[in-house]
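What TrEMBL says about this one:
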- 34-54: transmembrane segment (TRANSMEM)
- 66-84: transmembrane segment (TRANSMEM)
- 110-135: transmembrane segment (TRANSMEM)
- 147-170: transmembrane segment (TRANSMEM)
- 177-196: transmembrane segment (TRANSMEM)
- 225-249: transmembrane segment (TRANSMEM)
Amino acid sequence: MNTAMQKRSHGGTTHPILNAFRLDWLRLNSGGKASMAVCLCMLPALALLFGLLFKGDDSLDLMQSVMGGMASGVFVMMPVYMFVYETQGMHRWMNGVIPVRRGHQVAARYLMLLSLGALLTVELTVSALIMSVMVDAGAWQAMMGRYATNLAVIPVVYLLLESLWIPLMYRMSLQKAMLVVFGVVVALFGVGWIAMELCSNALSAAQMAVILGALETLANLEPGWLALIAVIVVIIALSISYTCSLRIYRAKEL
């Protein structure tokens, strides 16, 4: 009986999250059933086009980075669109009517974020594979190795940026959230630049060599270790983001 109750309790927790996830998916595809398909096919189609136009050209490396930036920009706005959709026609009131608790709604939104991150990774991988084959079908594996940095870094940066953006969207309007995100990014670059200047002026050449050597060692770690560090950082960021979003949304009047 205890096992049956546990299963029933577990099912009662999972099912509302899936319902809220489906509702967010419908919001995301409110522009039409083909809207998501167009977004997913856009980057591979561009990869095929650029592969034909710049076959054998070194500029393909630059184009891969440009397309990665384009795709990440589109995917960054997808979770934001769900919040914007809620504000249209007072649609947010529906969240207070549907039989899904606020905690489940927040969990579903972060589940959607992870799903979008996975889709972004797949789209980048397929696009890089297309461009690699177009350049040299016999050496596509080596070409994929050249694109590995983009494939690894872009999804991580995407999830970290969204972990900052989503709590802000629960707390304030899109315009204010954009200003805060822009301010945080500028502040991070500014703090980094100031820290480098202070270190270069305050530390001796030997001490700077030790710091730069440590950074170089970190950059030259095995891919497995770098992936593990990235996963840990993303998990911590998403956990903090989820906790903040949950507190903000539970205290908010719908």
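Cβ atoms are placed via backbone N, Cα and C, with glycine included.
Note that TrEMBL annotation is computational and uncurated.
Proximity of the transmembrane segment (110-135) to the transmembrane segment (177-196) is not established, fewer than 3 Cβ-Cβ distances being under 8 Å for residue pairs spaced 6 or more apart. Stretch with the most C-beta contacts under 8 angstroms to the transmembrane segment (147-170), considering only 34-54, 66-84, 177-196: 66-84. Residues 161, 164-165, 168-169, 171 of the same chain sit 6 or more residues outside the transmembrane segment (177-196) yet have a Cβ under 8 Å from a Cβ within it.
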